[in-house]
Structures are given as structure tokens and as C-alpha cells.
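Asks: According to TrEMBL, the protein carries these features:
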TRANSMEM  38-64  transmembrane segment
DOMAIN    53-298  domain 'G-protein coupled receptors family 1 profile'
TRANSMEM  71-95  transmembrane segment
TRANSMEM  107-129  transmembrane segment
TRANSMEM  150-171  transmembrane segment
TRANSMEM  191-211  transmembrane segment
TRANSMEM  250-269  transmembrane segment
TRANSMEM  281-300  transmembrane segment
Amino acid sequence: MTLNASELPWDESSGLEPFLPLDLQESSSPPEVPPLTIWGVTLCVSGTLIATENAIVVTTILVTPSLRAPVFLLLASLGLADLLAGVALILHFLFRFCVEPSDWSELLTSGLLVTSLTASLCSLMGVALDRYLSLSQALTYGSSQSRCRAATLLLLVWLGACVIGAGPAMGWHCLEEPNSCSVARPLTRTYLSLLCGGFLMVVIVTLQLYAGICRVARRHAHAIATQRHFLPTNQPYPSRHSSGKGFSRLILILSVFVGCWMPFSLWGLLGDASSPPLYTYATLVPAAGSSLLNPILYSLRNKDIRKVLLHACCPHRFSHSTHTHYPVDV
């Protein structure tokens, strides 16, 4: 997505291009490839890292038959979405700094970014839903029916993400009407407002799911402590150390989640085409950075995935052993 510049005097040292109306662009000389900037190098490196680590996660889940529980389907979907986000950043770098920029390249990278970020955010909500169901419906969790429901949910998520991401290519862009542009060109203000409004709704639903997880976990911990006499009945947790560790982990996940998605969602609703592009970069970078942190916070923390990766790296030291999957550990 290309950003609109403000009407203030432009600083060429910033490395960002000012926005010009289409009629001025047509009357000027043919577009030239802009010089390489620190931002461009950072964009390419971060996109490469995102694509590499998520490709490892997706490949690990797909080639391991034992990783077929609903949560692994959700983690594979999350990894695929973040992988596409990394590819979109690399393509944006190539189209911007290696070849002459064009309208179709802007529409392609914008649509791919919207699709990947939408699927990534919905997959994060799916992971939260999986954690909630694994606690509230522990006896039936992991059954074939649960896997079918998870696969159906992911199919709907990706169909919806593709439809939303196809909006710019289907004509919902501002290339012909610069006055309708949002803070992220070529997306229109109406399109980005609806998109960011949907992002905020998903964030709120995800936070509600994690609040439900806390309530269910507290009830389970209190019941276990009471039945096994680990602690007096007036103590809500069986272990202060374990509960504190789990609470700190939950706070970390929620802080990263909200910190990555809230800024751009709010800025997309409040900003307009005349807003300084630096603000858009400052809010869009955390959203893209979520794709870099998701494999670390979700996939690589899972014991089953770590065992597969360790076995692949050191097959003589680590061997596959029979293990039981605990979905709430994800």
C-alpha cells in the first residue's frame, strides 16, 4: 500500500514519495525507479524473515501426520496468512525499488496485504476460540467432528479474506479519484474505514474470548485444588507460581495482540489523505510486525511443534515419542 503525503513541504531525505494527482503524473516525465532507502532495505529484510519463519511453521505442520488437531489447523492457517504478508512486503519492495511502479502493482500488493492481514487476524481469533473450547469442552475436544468444524471455519475465513482483499482490484480504489483516497493509497477512505472497523470488532471478540478463558481456568483450578486438597478451599488456585506464570504469559500475548492491531485500526478510521505518511507507517509497521511475532508467541511455544523441529535439526539426539497433545498449552 502506497501512502499519501501531507500538504506540508516534503523532505526528500525521508525516503518516502510524495503523493501526486494522476493528472500531474500523466503530464510529467515517465516514472523512474526511486533510489534505494533504509526503509526499503528494512522492508525487504523484514518480509524475508516473516516469510522464512512462517514457511518453516507451515511446512512442519503439513508434513507431520500427528499434528492434525484443530489447533494445528488454526496455527497452519495463521502461518500461511503471515507467510503471504511477508511475500507481499517483498513484492512491494521489488515493485517499488527494482522496477517502474505501476497501478497494477499497487493493486496487487495492496490486495495481497489486505487478504493476508485479514486472514491472520481472523486466525488469531480462531486460536482464542480453540483455547476456550478446549477448556469448556475438554471431553470432546480433538474429535473428528471438531476437526471438521475447524476446517470449515478456516475455509470460510479464507474465502472471506480473499473476497475482501479483491476489493481494490475489483474497482474499490482511488487511482482515478485521488480525493477519495485514505491514509493508505490506493485504498479508498470508505473501504479502509470498513476494513478497520471489522478489525476492531475482531479484536474485541478475541479479548472477550480470552476473558472467558480466564473465567473457565479459574473455575477448573479451584475445583482441582478443592478435590485434591492441594490448598484450602478458600484458595482459588492450586499453585501460585503456575498461575502467575500463566497470567504473565496471557498478559504478554494480549499486549502484543492489542499493540500490533489497535494503532492502525484506529488510525484508519480517524486519518485522511492529508495526514502525514509517517503516521501511517508508524501504525502499519506494528500490524505487519505481528506476522513476525506470531510464530514465536503461538507456534514455536507448542511442545509438539518444537519436538518435530528439534528432531529435524538433530535426528540422532531427538526422536519422535508418543505424546499427548494438550491444546491449552498452545
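Backbone N, Cα and C define each Cβ position, glycine as well.
Predicted automatically and left uncurated, TrEMBL annotations should be read as such.
Give me the structural setting of these features: burial, nearby parts and distances.
Replies: If one looks beyond the transmembrane segment (38-64) by at least 6 residues along the same chain, the residues whose Cβ comes under 8 Å of a Cβ in the stretch are 15-16, 72, 75-76, 79-80, 82-83, 85-90, 92-93, 96-97, 281, 288-289, 291-292, 294-296, 299-300, 305, 308-309, 312.
Residues 1, 3, 16, 39, 46, 49-50, 53-54, 56-57, 61, 75, 78-79, 81-82, 85-86, 89, 116-117, 120, 124, 127, 184, 252-253, 256-257, 259-261, 263-264, 266-268, 306, 309, 330 of the same chain lie 6 or more positions beyond the ends of the transmembrane segment (281-300) yet place their CB under 8 Å from a CB of it.
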Asks: Is the transmembrane segment (71-95) packed against any residues at least 6 beyond its ends, judged by a Cβ distance under 8 Å, and which are they?
Replies: 1, 40, 43-44, 46-52, 54-55, 57-58, 61-62, 101-102, 105-106, 108-109, 112-113, 115-117, 119-120, 123-124, 126-127, 130-131, 134, 147, 150-151, 154, 157-158, 161, 288, 290-292, 294-295, 298-299, 302, 304-305, 325, 327, 330
Asks: Which value does the mean pLDDT take for the domain 'G-protein coupled receptors family 1 profile' (53-298) in this predicted structure?
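Replies: That region's mean pLDDT is 84.
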